[in-house]
């Protein structure tokens, strides 16, 4: 009788208690070889590929796409193929969640980097030779990441009929959302995998959306791609981790916020707001380095950084991403704009390396492009400060000999009062205001 093996979800290296199934790359009843891709799992940072821990037949899986699996719980069950190559040491995958028989395990000490950066918005991710960051793979002639394929299935989009916009012809999340909104990639009638056929008929045009009902009364609408079921839905991936980390930060940080308005009336044409805000952060860090720091609340230690790595808050439908713009203190405005564009594109395509989502020394949120003036942005440990910019407005200001209408940007600086004094925060904010007042 063949041996059975229960595979537990390994620690994906992020210190998170669970992960979400995106796509099973092997179906129950199919055979798989050792270390071949088994399942794509979504964590707070990326979609990662979990390899098979053995060679054999996949018997059962713990959940379908969208299921949240707890780290250490059974993910899949296999029937071992005794004639095929297996991993040594009893099919050990290198990850343990309970002590194996007749063997004691020791918990590995966390690395210094993980200890310093375990609390950032998307958590810390350590390297592992057993779990690989997911790259776009070609299936049926279509190159897309599993997360993109999962979204296409959820929205009823035939991914083979989506026009790719990513590098090397990769279909991105935005491509799928646009196709769902336009109704240009409806699935074929059969449930089989779509094939590109020259004579394939064009899909029927989608029903025209309207904001009024037949009676002429307004109707509630939602953005394309947003599922509004009226039923509780479990948080997954980035949004799930955001909920945990923000709650923890709110409970831990002694949050204080200073607000003021930056007068940018003197700006020359062509200034990029986000790039100028980052430059102002860098200038303020030179004026008052105490806010470009990490704080350890348990050890009561503070680390002041010589480089300025800005965590740039990027809002997406999946949740909040905070990629790190490295060495902002060494970039001019043109290079800063390029770096911002690259990070935003990588977030949109979910191609951002996991290493770029940790380790920033101070944060920036430019929520004003949507609405709002002032805020109380949350400081996420180990950082001690975050600057938020509200919506630009025009306001009458007194000047020598009369009044003028100036452009103002409302700013809110939140800081951890455990590590930063009110005077340090005020000097920092003054440095931001002074740099933003410059013409260019």
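Each Cβ is built from the backbone N, Cα and C atoms, and glycine gets one as well.
Taken from TrEMBL as is:
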- 4-79: domain 'Lipoyl-binding' (DOMAIN)
- 143-180: domain 'Peripheral subunit-binding (PSBD)' (DOMAIN)
- 85-118: region 'Disordered' (REGION)
- 185-233: region 'Disordered' (REGION)
Subject >> the domain 'Lipoyl-binding' (4-79): DSSP-derived helix, strand, coil residue counts >> reply: 0 helix, 40 strand, 36 coil
Original post:
What average pLDDT does the predicted model assign to the domain 'Lipoyl-binding' (4-79)?
Top reply: 87
Original post:
Helix, strand, coil residue numbers for the domain 'Peripheral subunit-binding (PSBD)' (143-180) per DSSP?
Top reply: 24 helix, 4 strand, 10 coil
